[in-house]
Amino acid sequence: MRRAASILVLGLLTAAVAVALDLVGLASATLFAALLVGLAAALARPRMSGILPRGTFVSAQAILGVTLGAYLEPDALQAVGGSWLPVLLVSAGTLVCSMGVGLVLERRTELDRPTAQLGMIAGGASGIVGMADEIGGDDRLVAFMQYLRVLVTVLLTPLLAAAWGGAGGGGAGPSEALLATPTDWLLTAAIAPAAALTARRIGVPAGTLMGPMVVAGALTLAGVDFVVPPVVRELAFALIGLQVGLRFTTDTVRQMGRLLIPVLIGVFALLVACFGLAVVLHLLTDISLRDAYLATTPGGIYAVLAVAFSGGGNITFIVAVQSLRVIVSVVLAPLAVRRLTKVGRREE
């Protein structure tokens, strides 16, 4: 009874903080709120770390996988048109730059290789945090690094985009279903557990997340129009945030303090690298530099879309490139991190 009451209190606090963060325009408000509430609860009452059943975290990962898979909308991919090669090169380049910064952080700080790599990967922050523990990283530090990157990007994107003024080409914005249909509920309920279990059984890296993402992506590309019900999606974000937040300790918080400056330097290095990739994309396509920058920012997709909508940018193209980068990062990150970790062990 006491456990149920504690979980209820955590849920109510998360909802209240999420509403407050959403009112001030913070992206991923639910996940941020859950992280903060979980962190506060863990520091106030360390015994609460195991209050949530492990099954809830696995379920949340599977739901998140379906959510990410739904990014692959045919209309968004068609917007890339004849620019497939430059877009793929830029997406791969972002991953390479992220992992390069991660390697430097590993050598210059106390971070182990999986944590440093996962913490700096640009794209799909919630997905990366969700798979971190399964790949061997410290999901608490990965969450800290990922959301520090998102926060810096969210704060700087409007300022940097404003330097270019209005955008050149207009584009239709992505449509988003406000209400879930019975089909949305049925497909989400079917894909999440079935794909997650299958992927785990056949040994797919981060299979709980990857299996549902691949199946959902295949369905959307095949023309099946569905979304994860918003209430289910937000519940998954809350569960992941709480699960990670509740695992923080005073030692972890001290470690974050020591890592703040090096990680910030890494984030700014990644921002500079992504701007360089934006210049490449601009030169290889007919996209304006402003839209190319918005399409290649290392995170903060909601802030990017807000800027694009307000400035009249080529929103469809921006969504397509950002979505592809998220998918590339989440799909290739487990494989790349595992490979680099094995190489590091051989060197030792």
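Note: Cβ is positioned from N, Cα and C throughout, glycine not excepted.
Beyond the ends of the transmembrane segment (26-44), by six or more residues, the same chain brings 10, 13-15, 17-20, 125-126, 143, 147, 150, 154, 234, 237-250, 253, 300-303 to within a C-beta distance below 8 angstroms of the stretch. Look at TrEMBL and you will find 26-44 (among others) tagged as transmembrane segment.
As annotated by TrEMBL, transmembrane segment applies to 51-72 (among others). Same-chain residues lying 6+ beyond the ends of the transmembrane segment (51-72) with a Cβ under 8 Å from its Cβ atoms: 3, 6-7, 10, 124, 126-127, 130-131, 188, 191-193, 195-196, 208-221, 226-228, 232-233, 235-237, 239-240, 242-243, 246, 323, 326-327, 330.
As annotated by TrEMBL, transmembrane segment applies to 84-105 (among others).
Annotation comment: TrEMBL describes 147-165 (among others) as transmembrane segment.
The feature transmembrane segment is assigned by TrEMBL to 177-197 (among others). Residues 58-59, 61-63, 65-66, 207-209, 211-212, 214-216, 219, 224, 226-232 of the same chain lie 6+ residues outside the transmembrane segment (177-197) yet bring a C-beta within less than 8 angstroms of a C-beta in it.
Beyond the ends of the transmembrane segment (209-228), by six or more residues, the same chain brings 61-74, 77, 127, 130-131, 176-177, 180-181, 183-184, 187-188, 191-192, 194-200, 327, 330-331, 334 to within a C-beta distance below 8 angstroms of the stretch. If you look up TrEMBL, you'll see 209-228 (among others) marked as transmembrane segment.
Long-range Cβ contacts of the transmembrane segment (259-285) within its own chain (Cβ-Cβ under 8 Å, at least 6 residues beyond either end) map to 83, 86-87, 89-90, 93-94, 97-98, 101-102, 104-105, 108-111, 119-120, 122, 141, 144-145, 148-149, 152-153, 156, 292-293, 295-298, 321. TrEMBL lists 259-285 (among others) with the feature transmembrane segment.
If you look up TrEMBL, you'll see 292-309 (among others) marked as transmembrane segment.
Annotation source TrEMBL lists transmembrane segment at 315-337 (among others).
Away from its own ends, the transmembrane segment (84-105) comes close to residues 111, 113, 116-123, 262-263, 266, 269-270, 273-274, 277-278, 280-281, 284-285, 295-296, 298, 320-321, 324-325, 328-329, 332-333, 336-337, 340 of its chain (Cβ-Cβ under 8 Å, at least six residues beyond either end).
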